[in-house]
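Here's the structure we're looking at; comments come further down.
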Amino acid sequence: MALAAMATPMLAFAQSADPVRWQLNMGRGVTPLSNNAYDAHMLALWICLGIGVAVFIAMGIAMFRFRKSRGAVADTKFVHNTRLEIVWTLIPVILLVAMAAPATTKLVKMYDHRDSEMTVKVTGYQWMWEYEYLGEDVSFVSRLDREHDRIRQSGIVPGHDEHPTYLLEVDNELVLPVDTKVRFVITADDVIHSWWVPALGWKQDAVPGIINEAWADIDTPGIYRGQCAELCGKDHGFMPIVVRAVPKEEFQQWLAARKAGADVATAVPQSARPSTESPTQTDPAAAVAVAR
């Protein structure tokens, strides 16, 4: 009963793409890769839980039945039990194969970028991200929201109720269409960074001079947050990532507005519009030029 009570909130929280307070398990995410990772995690979790229960039951029985107070005496002539040794060798091998086979298939799938419908180049800088929609002539810089940066530098520590996404907002969100296989090419211009959005199901290092690849096919519209996951300097903790997934039609409207050079605050569809309280800190082109 106790285990069932613990498992219930774990499974309930696992349905959320973004982490929640007091979450006990990883989230399922919103891509095929994140679902694969979740399934592999749950398989390993239940196998480990079963092994743990079996081992503790065996220990309890041994300590109770063969305790000294009941007159138990150790068999000093016992050497080994061939049958038992075969069993406890075969069982771990079977369990490892049962976990490794599907995990290997899923790992191979993570690097299959074929049939991608669009490509986004991600470049890490200290301490911001540049996004380029390759073939679309659209690019911009995304960094920590200016209001959040002002609060951070003031020394004020806001409460969760007042700022539930404190230090997790950006001035320019990465807008992507749902139900579209998006290929990411990821690199950096100065030091090693790492682009990580948990709901997408993967983390990829951004290394200067090297192009790493990943892909995502988001199935649910929404906002998905992440962070730089590689220590990259004094402001490493202030490199948030915000991905906004919208229907394909709205994405095309947003992309057309970007291409036309329209003001993002008025051109982005309502469901893909960044907060009006978060104006761009500096001109993106100038910011990239300075970073370079």
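Residue numbers in this text run from 1 along the chain shown.
Glycine is treated like the rest: Cβ placed from N, Cα and C.
In TrEMBL, annotation is done automatically, which means it is predicted and not curated.
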- Ranges in play 158-184, 266-292, with TrEMBL marking region 'Disordered' at 266-292
- Item | Per-region confidence, the domain 'Cytochrome oxidase subunit II copper A binding' (115-257) (mean pLDDT, whole number) | 95
